[in-house]
Structure formats: structure tokens, C-alpha cells
Amino acid sequence: MIRIEPRAPSPLVNLAVPVLAALVALLLAAIPLALAGADLGQAFALMWQGVFGSLFTVTETLTRAAPLILTGLAAAFAFRARLWNIGGEGQLYLGALAAVAVGTGAISAPPAVMIPLVLLAGALAGALAMALPALLKIRFGADEVVTTLLLNFVVLLFVQMMLEGPFKDPMGMGWPQSEPIVDAAMLPPLVERMRLHAGLLIGLVLALVLHVVLGRTAWGLRIRAVGENPAAAAHAGIPVGRTLIGAALVSGGLAGLAGVGEVAGLKGYLTADLSPGYGYAGIVVAMLARLSPLGVVAAALFIAGVFVGADSMSRAIGVSSYLADLVVAIALLTVLVGGFVSQYRLVRVRAGGEGA
Amino acid sequence: MSQTTEGGTVPPRAGAGEVVLEMAGLTKRFGAMLANDRIDLTLRRGEVLALLGENGAGKTTLMNLLFGHYLPDAGQIRVADAAGALQPLPPGAPDAAIAAGIGMVHQHFTLAHNLTALDNILLGTEPLFALRRDRRAARARVRALMERSGLAVALETQVGRLSVGERQRVEILKALYRGARILILDEPTAVLTPQEADRLFETMSAMAADGLSVIFISHKLREVLAFSHRILVLRQGRNVGGMATAEADEAAIARLMVGEESPPPPAKREAPGAPLLVLDGVTLPGEGARAGLDGVSLTVRAHEIVGIAGVSGNGQAALAALLSGLAAPAAGTMSLAGREIRRFTPAGFLEAGVGRIPEDRHHDGVVGAMTLSENLVLEELDTPEVTSGGFLRRGAIRARARAAIADYDIRAPGPDVPVRLLSGGNIQKLILARVFGRSPQLILANQPTRGLDFGAAGAVVRRLLEARERGAGVVLISEDLDEILGLADRIAVLQGGRLAEARSRDRGAIGMMMVGQAA
Amino acid sequence: MTEVLEILANANFWAAAIRIATPLVFGVLGALICERAGVLNLGIEGIFTAGAMAGWMAAWLGAGLWGGVLAAALTGAGFGLLHALLTVPLGLSQHVSGLGITLLATSAAYFAYRTALPDVSSPPRIEPFGALDIPVLSELPFLGPALFQHTALTWLALAMVALVWWVLARTPLGLAIRAVGDNPDAVDAQGLSVYGLRIGAVMAGSALMAVGGAFLTMAAFDAFFFGMVNGRGWICIALVIFASWRPWKALLGALLFGAFDAFQVRLQTELGGAVPGQIFLMAPYLLSIVALVLAARRADYPRALLTPWFKGQR
């Protein structure tokens, strides 16, 4: 018989578990690859090359990491308060829509005004999108997992409606896409002639800020207390509802910023296929980071690498590009199991007899 | 020892039947703690054996070993089969224990609230994949059992709607229905009124006379002396003595139970001062499973401990929520130090100088995943000692945690340990440090010593007495009448949401009030 | 107003309502079984997708339509087993594991489809379940086309409602499942296996979810499309709460939902482009949220839902 016992936290285990989980997820990709009949050695080599092969591939990975850091932070921050924000995808699209609303010529001002303005608009839109499910949870006890998931579909339909209606680019040859963001509102590129943009810096700075907020401020402590034990938090005089709303606004705002980065940093205009699921991948990033803001940066880089590497590999050898999604999904499950290993240990219990 | 007891029953002579259970050298460790240390025990047919000991002495662990919830690290259990021959019991297998005729009634009932009493009794007794259930025949069998044992229950009522006493009867019927010849009762009277408890023991005595063997766990000397044939005393996991109840000496048993440690010295008494807390006609509607309050009036003065006695579920939770700032009254007023309270929030109460020791320390008292020092300052995140400009003053907080560890004797590796790794007693000491660190004027102590070992319980009592000494008022809610009698200056009884002051300190009179009959 | 009456008086409308409700009935029943045993299964959306893919693929490979349904059920049970192993004996977060199962099952289905059919531009079709015309009854005016010309899977869904109700309410197994979702200690103390009951319930529930997915590819349509599940799983999770974990109320909820959905589709054609189509497409999701908000306050969740239980720790 086996018994489960809690174990004391160890920094080494806390670091090793997500790293191992990520590696195991990558290794498990061998199974679908083999089933698809690929040469495994070649496939992994191509994946490596697809990420580290050139300056271009490295900046591509960083470009992919930029929205993932933000959606990862959005999920991690909300999860810390035990607020299950699964609506990152919808909040991202609303953020992008808000950026387009103010950034396509409605207002004209120099970059020093325009850039903060689109960022603010996007963050605000995302924050409001998360405020609704948070309010429904606090006021009516409606499970926010289900409401945020369902709202993702609503928001995407809303964005499509806008792109076919008031936001439609008259010069877009009939395609449902928005007018382009004006130059003054575009986030500056970070590397000459590459697609990498300042959205990455925003993500890095916010990761650092959230790290300090959670660990060193009274508000961060309140959020953690509400998340870990709302009854004890309420008993200790912490306003649970208000704290949750605050966490919800920040979380939604972060996901909204991811949307701003994609339209105002990368694409330049909004379409209904802006995000290949960054909102959902953000959940994987957050779990892989074990909800630590600094860990989110590392986890986002890993997931971005999986996307970029698997994409380029699958193009090269003709395997379905859904392989990347498969690896990301497996990573979520391996890190979940890893979390168990780091929190508990299994103790073999000898049955009866003279053993001690 | 007189043969006549308060309840009027006469315990039959110690069973001279054959041995039905034999435990030899049972040992159980939890980490570094030795919960059971080479315990031997025998039980005869028709015998009522009391397992006596302080909280944490290892009584429940021993019974969980017998019932197969835990695996022993060493030792053996043998149980008589239907023919009376002793057979070894496979360890760690509740179904084997059930098959061997052992029935256990846990302190926390193991009942499904969404099922009827009858379905709870039948659960697990029918073949799992049978296509139909013969509830009618089963009901008849349970009815017959109820008649024979004198345990009456509304069989077709959902257990969630039954009273605590009824739920206990369902538990016992469950065991009997499965053919239990040995019945284990874990602190069966903890949740009962004295009268309900007496009735339970009368039933048990009658059933023992009928051949049932009973082990009941208790730390109440009174009921053990009144209703058992034999007594076994455990202390710190060891069997420290056994005797026939008829030859038992009360003082000697008490010494066996608690060791040589002396009880806390009687405190000096100062005359009660100005009123600190005044409740006037407070009514609070019930909420879900929580009973409400009905026109409660209460005054607590400085230098005074007021004990609130009563059986749980009679409004204690509502009173505690009210005094913690978690619930606002629907009618009536509450004032603190002469000022009427209008905003009922925990934060407001903390600011007004109310300290709260919650009943469920794990659920309401601490955040298990956070560190000892973070939990210590949880109630004062807005004070300049803890935060400046919204940032935590981490050095100051840690220093304070170190001081608390020393002053309150919290056994912890340091201020940064997650609280979930501490024992219940040390968590309670942490809560004491948090509450008394602010020198509160009014203290709500809700079941403050429940489940604590002797040392931690002593610390709680000492702090409460000290607080009274320096002029605080204390509201002590407890189901343990002995605790209230030992500590409280005045006693009030909560019954059916109504609070009435006890005019005498007589146990029987208070017991009558607890069941809603004026003494 | 007359348009509304015209829609309601049309037998096709009622037939459509039942057709839309069918996969939801499977899904809600599946989620209901899992939750009655104390396990939330957010893998539902992915299990729908995997079931849709597996059922269609098996039929396309020549296993026959019922072979396809069986393949879907086994696929669902497999993902259910994974979810159950992670959340029951290991006691891991049911939320995270469920979302992980959804991501895994969805991407596995897409990957398998693309791997099997790398180069097709239009999805290959199968001969789907046809309408099972009930003799005599299907000839009735109005009632015939509305109620008695459905596929075998719709009748299977109805039979499943009765079966799940009967098992839960009338058999010892159902008693044990209800008990384990309320208080696992009660089940353990009576010598039954908490793990066995929960794992079994999650596998059975997941199999039903997958059959709901198979209805999409094998009865409602005749091919597999990416994104075809489109939130139906999440809608089921909301409907379970609306149905307060009761099989017949689950049927009622799914039918109400189907009727509403069929109604909005018809209203959309009636209004003919005056209102953007997305408004109508949003309706089912918004309706689910409203149903959830209305039901949440008085929802009587199984007491042990989301709470892991470990043997020997009490």
C-alpha cells in the first residue's frame, strides 16, 4: 500500500519540476511523430534548427513569446487569486479591437501620445471583459470557468461583426479586416528588419512588476490570501470581493495588452484570425510557470519555441502542424503531474507484521 | 464507586464472556511522532470498555488501526469469528474489519447527506451491480433492528435534515445492520446533550447485556465511570493503566490521564468593570445549515470571561459570525465599549479592538500555503508597522514572527515555513500570537482548545486568563461544559437560537437548559 | 408576431430543435454522471471533438456506423480514464486537468485527421445515420415529421436519459455514485472503493460525451470539420447546473436549448439580413450564461465536487 504525504517546499524541486515537465512533453512528441511515420532524429534536429537556426528564427520565437508572456501573466495572476480566467482569448481580441478603435486614425497625435493611448485602450477593454465574469461570480456565484469560456465565443463573434460592419476597411477588397493602425500608434520594432516589436519589452517589464506586487506588497499578499483560503482571508478582514475584482481587472488588462501587441506591434490591422489560441496557450504558460510571474517569461519562451520549431519542422517533413498544439497540451498535463511530485511524496507502507 | 448514577442506570456486572478481540503490541508512527506505542488490549463478549485519555493520547489512532483505516507499523489484531475462535485480522482493510463483525462510529459521521437514512444504512450492503434493490425487505430488517436496539430514526428522511443525535443513531444502525459484534464509538457524546448522552449509554448498556461488545472513546471521566465495565487509559500513545470500573479511583485515573502536570493555578479575580460588549435583542436569520439567533441579549464586562455553553448547532456559529463581523443582525443592536456598531465587517471589528479565535482554525484561521510570518500579520496589513506605501516591511514582519515563535512557543523551523506544515496546536499558538499581539479589548474564543494537546490547550487557557487579568472581556464558546465550568465567571446557555443566563453552576441544571427545559 | 407563430407551427422547427438537442443530451448526461460522482470534467469540449473524429474515422474506414459509435465511446472512455487517473487517485486540480484533456483531445483529433488525410481539400463524406421512420407514427401529420423521423442516435439519447435515471435512482450502483459525490468517507466506511466508483463514473460519462460528438459527424453532418464542436461542451457544463444534476431535467434543458437555437436560426432567415448574423450566433452562448447565472444561486452542487479524497487520510 502507498500513502501520500506532504513534503516541505524545496527551491530545487520547484525549479526542476517544470523544466522536467517541459522536457518530457517534448519527448512525448516522439509518439505522434512516430505514428505519422517521421524520422525522429531528423524531426527533433529540424525543430532545434527552426528555433535556433538563425537570428531570424530566434527573433521569430521572441515575437511569438511576446503575446504568450502577457496572456501567461493574465492567467497566472488570476489563478493566484483562484479566479479561473479562461477567457484570455476573448480579452485579447477585445484589447485588439479597442486598439484599432483608437489607433486607426480616429485620433491623430505624436507617438508619445498614441502608443500609450492604444495600450491603455486595449488594457481597459480586456479588463472590462474580465470584470463581467468576476462580478457574476461574486454577485451570483456563477462559475467563472464556464462564463469566461462561453464569452470567448461571444467576443469572437462580436469582433467578426465589427469587422464586417463599422470597423471594416473600405480599401480591404471586401475582406473582413480593419483599417491599418496609423504609424504613430505602432509599437516600434526591436531589431532592424525583423518582426520583433516592443510588445516583448512590455511583457518583460510587467512580469517584473507583478513579481514585486505579488511578493512584496500588501495588495499582493491579499490576493494570495484570497486565492489560497478565501474564508480565512474574509475572517482576517480582507475584502474578498473587492480583491477579486482587482485581480480580474489586472488579469483581463494583461490579456488585452497581448491583443494590442499583435495588432499594433505585428500585424498592423485586425482580422478575426489574429490569435492562434494565445489566450488558451497562456493557461499552459501560467501552469508551466507554476504561477510565478518571472517563471511565465521562461515558460512563454519554451511554448513559443515549440510553436516556431514544430511549425518549421512540420513544414519541412510534411507532418501536421497540429503537432505543436499536441506538445503544448501534453506540457500542461506533465506539469500538473509534476506539481503533485513537488508537493507530495509517495511513501511505501509495509503491511502489518514485525516491520517498523 | 456508587452503583447508582445520575442517569439512574446500573451498569451490569463486567462481562465474563469469552474474548472477542485481542490487540497485541500495536504500534503506529506518523513521521517522528509515535501515535501508538506497543498497545495491548483485550475485549470480552458483552463488555463495555472505555478508552480514556486526553486529546492526542492516541485513542482514535488505535481505533482506526482496528478498523483498518490505518496500517500498523507493528503488532497484530485477532478477532473472534462467528464460532468464537480468534482469527488474525488483515491489516489496513475496512471491508475485512466489517466482515469480522467490527463496526465503527466515527466522531465525524461518515454519512451521505443527499441520501435517506435507510439508503445510508444499505449503502455497500447490496451487490453493487444488482439490477434491483429490495428496499422493502431491507426496511423491515432495519425496523426490526430499531425495535430490538431502541434506536429510532426516520428512515425515509434525507440525512442532511436529521439532527446530530439522529445521525449518530443512523451510524450505529449502519454498524448493527452489517452484523457488528464489536462496536467502536469515537467520542460519541461530544455532540450530544447530557440527556441525549445518558440515553445513548442506556441503550448501549442494554445491548451489551444482549451480547454486544462496545469500546467507547472518551476524555470525560464522569461518563466513563458511570457507564463502562472496564477502563483503559492512554497517554502519549502508551497504555498507562487499566482497571475494572468498579474498582476505579477517580483521582488516580485523572493522574494517569494527565501525568504529573498540574492544572493552571486559579487566577486572581478582579471585580468586573465597565461593559465592553452589549448585545440587545439581536436576531440573525439562519443561513443554510447554520442556525440563527433569536432575540439574544448579552453583556460582557472588563475583567470577565463569559462562557457560552450549549450543544453545537444551536446558534453558536451565528453568534461567532456576529462577533467576528462576518454577519450583521436583522434586528437588535450591538455596541462595543459604549459605541453602537453600524458597519459589520471583520476589518471594522479588528479596528475596534476585537480579537477572534475561530472555531475551525484551518478553515478560517490561517492560509495554509502562506508563511508563518505572513499569516501573523494578515489582520493588520494597513498598519504602519506592517506596510509602508503599500509595500510590506519584510524585515520588521520577520522580526515580529521570530519574537512570536519565542513568546508563544510555536514549534516551527522559522518564520518562512508554510503554515500547512505546522501541527494543529502550533497553528493555534500562531493564532494566539496574532490575536493577543494587538492587545484586544474583547476576545471571542470559539472552541479554542478543541483537538489540542495538553501543552497547547494550556497555552490557550493561560492567555485567556492573562487577558482577563489586564482588563479584557472574553466570550468563550465551548461545547465542553467542563472547560466552561473551569474558566468562565458567568455562564449562559445557547439553545434554539436563544441565550439564557445560567443561575447556578450545577451541571445537571445547565444540561436541562441545553435541551431547552428550564431548570 | 405572426412570424413567430408561423415558426412554431412548422414541424421542421420542432424536428430541428430535437436534432440540435441530441448531442447536448449526451453531453449533459455525461457531465452529470461525472459530477454526481464528485469530478468536474472540463475535458468535455475536447472529448466531443475526439468522439466526432473517431466515430467518423471508424465509419469512413469501414467499421460501419455502429462501429463508429463504439469507436467514439471507447475514445471518450480513454480520455476519461486519463482525466480520472489525474484527478482521483492523484487528486490533481480538476479544472486544470480538464482543460488539459480538452487541449489534448482536440489537438490529437486534429493531428490524427490531418495525418490520415494529408492532402484532401474538401473533407471526405460518409453515409450518415438516416431518419428512422417509426411505422404509422411517422405518418401522422405534424407530429410525424416533428417527433418520429429522427435518427437512431436521437432515440439512443432518449434511452440513455432513462437508463442514467434508472441507474442513479434505482440501483445499488447509483446509490454508491450519489454517495461518493456527497461524502466519499461514507462510501469508504462501508467498504466500497471510492477510486473505483469515481474512475468508472468519469469513464462512463466521458464515453457518453464522445457519442454526443459522434452524432455531429455521423448524423447531423456527414463529415468532420475543424472547430465543429464550437463550444457545445461548455454549454453542456452550464446546462448540468441548470438541470440541477437530474437526468430528466437535463433532457428538458437540452430540448429548451435546442428549441431556442432552432428558433433563432429561423428568425434570422425571417428577418433576412436586417440584423447582423453574429447576433444570432451569439445567442446560444449568452443564453447559457444567463441560464448559469439564474441557476447558480440555488444550485445544490454535489457536496464533494472538486474535492480530492485520499485513502487513509481522514
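Every residue gets a Cβ built from N, Cα and C, even glycine.
What TrEMBL says about this one:
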- C:12-32: transmembrane segment (TRANSMEM)
- C:39-59: transmembrane segment (TRANSMEM)
- C:65-88: transmembrane segment (TRANSMEM)
- C:95-113: transmembrane segment (TRANSMEM)
- C:147-168: transmembrane segment (TRANSMEM)
- C:199-218: transmembrane segment (TRANSMEM)
- C:279-296: transmembrane segment (TRANSMEM)
Proximity of the transmembrane segment (C:95-113) to the transmembrane segment (C:199-218), 3+ C-beta pairs under 8 angstroms = no
So which residues does the transmembrane segment (C:12-32) touch in its own chain, when a touch means Cβ under 8 Å and the partner is 6 or more beyond its ends?
-> 41, 44, 47-48, 76, 145-147, 149-150, 153-154, 157-158, 160-161, 164, 204-209, 211-213, 215-216, 219-220, 232-233, 235-237, 239-240, 243, 245-247, 250-251, 253-255, 257-259, 261-263, 265-266
Who are the chain neighbours of the transmembrane segment (C:39-59) in space, where the CB to CB distance is under 8 Å and they lie at least 6 residues beyond its ends?
-> 23, 27, 30-31, 65, 67-76, 79-80, 83-84, 87-88, 94-95, 97-106, 108-110, 112-113, 116, 126, 198, 201-202, 205-206, 209-214, 216-218, 223-224, 228-229, 231-234, 236-237, 305-306
Beyond the flanks of the transmembrane segment (C:279-296) by 6 or more, those residues with Cβ under 8 Å of it = 231, 234-235, 238-239, 241-242, 244, 253, 257, 260-261, 264-265, 267-268
